[in-house]
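Peer 1: Per Swiss-Prot, the features are:
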BINDING   C8, C11, C27, C31  Zn(2+) binding site
REGION    43-65  region 'Disordered'
Amino acid sequence: MAVRKVRCPQCGKDALWAPENPWRPFCSERCKQIDLGCWASDSYRIPVPDDSNEPGTDPDPTSRA
């Protein structure tokens, strides 16, 4: 099986996609830890669809009286 090279999502360097690379898809432990830190500090977020039309939701929380 041929070893694939992929771009490290953190720094953009080539990284091996193989069992020999324990940090895949990252090129190094450092890049893996930087990425984990970004998730932990909320630098990365997964977009959530706007559910304002869903029953039971208050579209404007300041309108409560």
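Numbers run from 1 along the shown chain.
Including glycine, each Cβ sits where the backbone N, Cα and C put it.
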Peer 1: May I ask which residues of the same chain, at least 6 positions away in sequence, place their Cβ under 8 angstroms from the Cβ of C31 (Zn(2+) binding site)?
Peer 2: C8, P9, Q10, C11, W23
Peer 1: Count the Cβ atoms, other than its own, that fall within 10 Å of the Cβ of C8 (Zn(2+) binding site), considering every protein chain shown.
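Peer 2: Around the Cβ of C8 (Zn(2+) binding site), 18 other Cβ atoms lie within 10 Å.
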Peer 1: Do you know which of the binding-site residues C11, C27 has the most other C-beta atoms within 10 angstroms of its C-beta?
Peer 2: C27
Peer 1: Using an 8 Å cut-off from the Cβ centroid of C8, C11, C27, C31, can you name the remaining same-chain residues around the Zn(2+) site, in sequence order?
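Peer 2: Going along the sequence, the neighbours come out as P9, Q10, G12, K13, A15, F26, S28, R30.
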Peer 1: So, three-state DSSP: helix, strand or coil for C31 (Zn(2+) binding site)?
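Peer 2: DSSP call for C31 (Zn(2+) binding site): helix.
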